[in-house]
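Trainee: Quick paste from Swiss-Prot:
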| type | residues | note |
| --- | --- | --- |
| TRANSMEM | 17-37 | transmembrane segment |
| TRANSMEM | 53-73 | transmembrane segment |
| TRANSMEM | 86-106 | transmembrane segment |
| TRANSMEM | 107-127 | transmembrane segment |
| TRANSMEM | 142-162 | transmembrane segment |
| TRANSMEM | 165-185 | transmembrane segment |
| TRANSMEM | 273-293 | transmembrane segment |
| TRANSMEM | 299-319 | transmembrane segment |
| TRANSMEM | 334-354 | transmembrane segment |
| TRANSMEM | 357-377 | transmembrane segment |
| TRANSMEM | 403-423 | transmembrane segment |
| TRANSMEM | 435-455 | transmembrane segment |
C-alpha cells in the first residue's frame, strides 16, 4: 500500500487555491467557446463545422487520455502531472491566440484537452493524499466549484468577455490564471503510489480507446450526413464495436491495464461514475438553449449567456450546501435530490413553444433549478467515487471518474446538437430544440435510476 505523504504534509488553502485555479483552466476558460461560435467563424474565416470540431475536441481528447494520465500520476507523481497539465494549457492558449489559422486553433484546443486530462485526476489524487475527513470534503467542494461551477459560468463568461474585450482575452486570462496556479502549487511535496510497479505503459489499451471514441464521435456528429446505410457509416460502426470488444478483452488480461475494471465491483463507485457521465451529458442543454435563443429569438451571445446567470449563481452556492448534506444525510439522498431538481429544470427549459416572455421566465427558473440540482449533486458524487477507491489506485479511479465527466460532456453536446439539427430540418427550430432538451431530461432520469439502484444509503463500504 501507498504510505500517504499527508503524514508529513497537510493540505492548506494555498495549495487548494492553486488546485482550483488549475481546474478552471478547462471548465471555465476552455469551455467558454460554447457561446462564441459565430464570432470564431468570422475571426478565423471558416465554416461552422470546423469551429464545432475545435469546440468539442478539447473535451473529447480530455476524455480519451484522462485515464492514462491518472495512471501516470499514480506512477510518476501527481504534482508533476498537474504542473505538466498547466504548462500544456499555456501552450495551447498561445497557439489559439497568435494567429487566425484554423489548424492552429484546432491544435491548440487539442493540447488543452491533453492539459485537462493531466490536471483533473492528478488534482483529485492530491486532495485524496493531503486532505483528511471534513477537510477533504471541503477541498472537494472547492474542486467541484472549479469544475461544476466553472461549467456553469462558462456560457455567460465567454459571451461577456468576447463582447466586452474580444474572444482572445478568454485565453489571455487563462494564461495568467495558469501562471498563478503554478506559483501556488510550487513547493508542495510530491505524492505518488509506491505499490504500482513501473511496468510498460498500456499503449495497446490507449490506442484502442482512442480509436473507439473517435469512431463513436464521428458517428454521432456526422451520422445524419453520412446516412446510416452508407459504407463509411457501417465501417465506422464496425470499428467502434470491434475496438470496444477488443479493448475489454485485452484490459481484463493485462497485468497493468489502462482501466482497472476491478474498480467497478464497488457499486457506489460505479453509481457515482455512471451518473456523473449522464449528468455531464446534460451540458448539451447549454448548446441547444443558447443556439435556439440566438437563432429563434434573435438574442446576442451576451444576452443568451445572461439567461443562465441563475444557473451559475445557484451551482456556486449549492456546492457547499451539497457538502453539508453529504455530512448529515450521506451520499445517496443528496445525489437523488440534486438529480431530481435538475430534471425539473430541464423540463422548464424545454418549453420552447411558449411565447417569448413566458419562455424567458421559464428559462430563468429552469436554469435556477438546473444549477441547484448540479450543485447539490457535485460534492457527494465526487466524494463517493474517491472515497471508494483504494489509495494505490486513486489516480486511475479519479481518471475514470473524470473521463466520465469529459466524455459525458463531449457526447452530450454532440448528441444534443445532432438531434437539434435533424429535428429542426424535419420540422422547425422550436420543435428541434424541445426534442433535444427532452433528450437531456431523459439522461437526467436515467441518472436518477442508476443512483437509486447502485449507490448505498450509507457510503461506508470502500474497496
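Including glycine, each Cβ sits where the backbone N, Cα and C put it.
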Trainee: I'm a bit unsure how to read this: which one of 299-319, 334-354, 357-377, 403-423 has the highest number of Cβ pairs shorter than 8 Å with the transmembrane segment (107-127)?
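Mentor: Ranking 299-319, 334-354, 357-377, 403-423 by Cβ pairs under 8 Å to the transmembrane segment (107-127) puts 403-423 first.
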Trainee: Quick one: find which recorded stretch in 53-73, 142-162, 273-293 has the most Cβ pairs under 8 Å with the transmembrane segment (299-319).
Mentor: 142-162
Trainee: Could you tell me whether the transmembrane segment (165-185) and the transmembrane segment (17-37) are in contact, taking contact to mean 3+ Cβ pairs under 8 Å with a sequence separation of 6 or more?
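Mentor: Counting Cβ pairs under 8 Å, at least 3, so yes.
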Trainee: By a Cβ-Cβ criterion of under 8 Å, what residues six or more beyond either terminus of the transmembrane segment (86-106) are in contact with it?
Mentor: 22, 25-26, 29-30, 40, 43-46, 50, 53-54, 57, 112, 114-116, 118-119, 168, 171-172, 174-175, 178-179, 181-182, 185
Trainee: Would you say the transmembrane segment (165-185) and the transmembrane segment (435-455) are touching, if the rule is that at least three C-beta pairs must lie under 8 angstroms and be 6 or more residues apart?
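Mentor: These two stretches do not touch.
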